[in-house]
Amino acid sequence: MASEKQRSLLLESTSRFPIPPGVRFSYGTAGFRSDGLILGSTVFRAGVLAALRSIKTGHAIGLMITASHNPIFDNGVKIADPDGGMLTQKWEPFADALANAPDPQHLLDLVVQFAEEENIPLCGTQSAEVLLGRDTRPTGESLLETAKQGINAIIGAVAVDMGILTTPQLHWIVRSRNKGTKASEFDYYAQLSKSFRCLIDLIPENIVKSEVDPKVLVDGANGVGGEKLEELKKMLKGLDIEVRNSGKKGGVLNDGVGADYVQKEKVAPSSFGSIDMGLRCASLDGDADRLVYFHVLSASDNSIDLIDGDKILSLFAVFIKEQLSILNRNENDDVFNSLPARLGIVQTAYANGASTDYLKQMGLEVVFTPTGVKYLHKKAAEYDIGIYFEANGHGTIIFSEEFLSLLHARSDELSVSMAGSERHKAAVRLLAVSQLINQAVGDALSGLLLVEAVLSYMGWSIVRWSQLYADLPSRQLKVKVADRNAVVTANAETEVVQPVGLQKLIDTETAKYPRGRCFIRPSGTEDIVRVYAEASTQEAADRLANSVMQLVYQFLDFTNSHV
Ligand SMILES: CC(=O)N[C@H]1[C@@H](OP(=O)(O)O)O[C@H](CO)[C@@H](O)[C@@H]1O
Ligand SMILES: [Mg+2]
């Protein structure tokens, strides 16, 4: 039961942040997002939710103010669960209801009812801790203050302001804090730089380094990522990083820069051009949880060869598979003890078909989930080592606790029986990867360091890496319809079940094109239906996408006029 004091505190605090008229908020794949100026009530309520989640779980919760790759005047809020992952899907309907409660009394009723259902004590003796972070957006500072007020509206909850952070940093800090390991921003840099150094120190001596350019140029999207990379750089040895678009020279966040722009437009971001031709370049998104690589192709325009999330995933998969096979190589019958690991690759339907073929040819197990990292992460967690990436560059590698403890034990054994052997080194490398790569969420900074370490290990240039396979030409279109939710899909979003009959026509259209593949789904973050098409030539991919777009118009207009 909620105490009287709690009830009046919640009523009084909520009344300070009335909801804007005529807007409906929905906790999508990216939390709540909207124009930053109308988000006050939503962020306040997200603070209330985070405090309740902390009481429920008995652990610290994260609250991040960011709108990732959206334009600068947008903002948003998302919650990190105790393991550093996304808020449990089970609480999303409550998040929606809370954000849209029309007045303080409705909100109080919702909170009291939910607390009863979930057994959350609100009698004033409980404690809760919420760690807050924000990116560099102009509305960030005041929204963070608003979130604090939401947290403080729950008696016993404490808000800890961690200041400006990348989204993955906040998730990492939440996870580390709850695991009882070192958890400050400095500890994050220290862990990344130490494990990176370990991987570099273990590069075989016979690697031909001449092919690899020592420098990487990084587009910071004029956001928090560039700023934090400059910090990390101070602690790194053995890597030359040049950060551009760090936001210090007046560029606008995500405006003609950043991983989303580079991946969707397939062009070089601003401040990159023909003088960088052939150099290894990377791009982060606005809150640094996405990473793509590219190299500039031409001296006359800003066309690029894009190395997207699928190719980053493939590079990591090649490396991890190789280390597992070295670790399990039978060099000496007497002491051989293998450490079998289930390695799983998780993609979405947006993964380029050529990447899936390549991964399968390597003998890897590839599975698909719907779009949205919460789905990919959950699936990847079913393996000893799960590697997941969205084509847009969000992804990571996760190691099960059980496998990690076996790996630690094996590494200790090998350090005695076979110190300095390739098998021992492989075990140490895998452990270093688990420290370097963010286990909580996709993280552009840790992903960048792992790419750099693996390329050095392989002795590969960016061109060699890009040649792992050739992407199939593809086209993505956005279709504006009256009600995008009229489209219902199944089979990891590759099949339309509603409107009935549409899938059959998509299939007929797709069958006309060699290597054709096409699917549609309603976006979870924008009010549109997305069409994705792939085929053996760009012209064919474009034509397929366009004809399916026409089908969507026909069917959805038909559906809507009969509802
Ligand atoms: C095709 C595409 O890139 N979709 C993105 C986009 O989701 P949509 O539901 O497609 O709008 O934003 C999500 C959150 O950032 C991200 O997880 C996802 O991959
Ligand atoms: Mg992002």
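Each Cβ is built from the backbone N, Cα and C atoms, and glycine gets one as well.
According to TrEMBL, Asp285, Asp287, Asp289 bind Mg(2+); the candidate from Ser68, Ser461, Ser466, Ser474 that the record adds to this site is Ser68. Under 8 Å, Cβ to Cβ, and six or more positions away along its own chain, Asp287 (Mg(2+) binding site) finds Met64, Thr66, Ala67, Ser68, His69, Asp135, Thr166, Thr167, Gly223, Val224, Gly225. Under DSSP, the residues of the domain 'Alpha-D-phosphohexomutase alpha/beta/alpha' (58-90) split into helix, strand and coil as follows: 2 helix, 13 strand, 18 coil. Asp285 (Mg(2+) binding site) carries neither a helix nor a strand DSSP state and counts as coil. Secondary structure at Arg530 (substrate binding site), as computed by DSSP, is strand. For the pair Asn392 (substrate binding site) and Asp285 (Mg(2+) binding site), the Cα-Cα distance reads 10 Å.
Note on the binding-site residues Asp285, Asp289, Glu390: the fewest other CB atoms within 10 A surround the CB of Glu390.
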